[in-house]
Amino acid sequence: MGALHAGHQSLIRRACELADEVVVSVFVNPLQFENKDDLAKYPSTPKHDSELASEAGATILWRPSYQSIYPGELEKLSSGEIGRSFEGVHRPGHFDGVLTVVNRLFELSAPKYAIFGEKDFQQLFLIKEMAAKLHPEIEIIAAPTIRDNSGLALSSRNVRLSDKGLEGAQVISKVLRAASSESSLTSARQALKQIERQDSFILDYAEIIDEESFQVADESSLKTRVIIAGWVEGVRLIDNMAMQNSLVRT
């Protein structure tokens, strides 16, 4: 959606490893924003985006108009039950908007590969599901989260944080690392409780999910991931980290 940073550049570079022609789409999708103030505040940096995309190896920077993406009567895709959980609880309709625009971008560009970051893990999960049903010819590639030196996941929203806010936001990755290094679900969930005691961070949710189903993890889960979302200085931040143990037991 623009406001590109080093995390986006890592996606572009991964795409360059797979294809000679790499298209970067920049489209701020209004369907993803329930809060119009959030949409209005979303950063717009077209010159900067062009420079970073080119530097990373993109061959085409595609800025479609609203009319070209949504030319007629709008038919939204549904993200289903999973799209109404976790992020979906706090951002109703968000994932319906994501799937709708990604489907249209796929229809218009017909890529062989599409690269999405693991930072938005619920989004990645839902896009994989949608592509498997509607675009089986497209391979969805997951790219690892890029972090700054403090461990904070790179995000276009980070520019809205003060120095104090950036420092306070570091608690997210610290708690993720602590929880993801535990050897059982019980101890990992106990480690997650640290974030509830942080004055700098207002928690929306902190949980361990099964990567295969995006349901709350239990003893049968083989691949698990810690997910966190909340607020720092009025800016909503999300992050996640895979459990270091592939099989978690209490």
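Cβ atoms here come from the backbone N, Cα and C positions, even for glycine.
Remember, it's a predicted structure, so these values are computed and weren't measured experimentally.
Annotated ATP binding site per TrEMBL: 1-8, 117-120, I146, 154-157, in sequence order. Around the Cβ of H8 (active site, proton donor), the same chain contributes V24, L52, A53, A56, each under 8 angstroms and 6 or more positions distant in sequence.
Annotation comment: TrEMBL describes H8 as active site, proton donor. Mapped onto three states, the DSSP output places H8 (active site, proton donor) in helix.
Long-range Cβ contacts of Q32 (beta-alanine binding site) within its own chain (separation 6+, distance under 8 Å): M1, H94, G97, V98, V101. Feature annotation from TrEMBL assigns beta-alanine binding site to Q32.
In the three-state DSSP scheme, Q32 (beta-alanine binding site) is classed as helix. Annotation source TrEMBL lists (R)-pantoate binding site at Q32, Q123.
Under DSSP, S156 (ATP binding site) is assigned to a helix (H, G or I) in the three-state scheme. In this structure, the C-alpha atom of I146 (ATP binding site) lies 17 angstrom from that of Q123 ((R)-pantoate binding site). In the three-state DSSP reading, Q123 ((R)-pantoate binding site) counts as helix.
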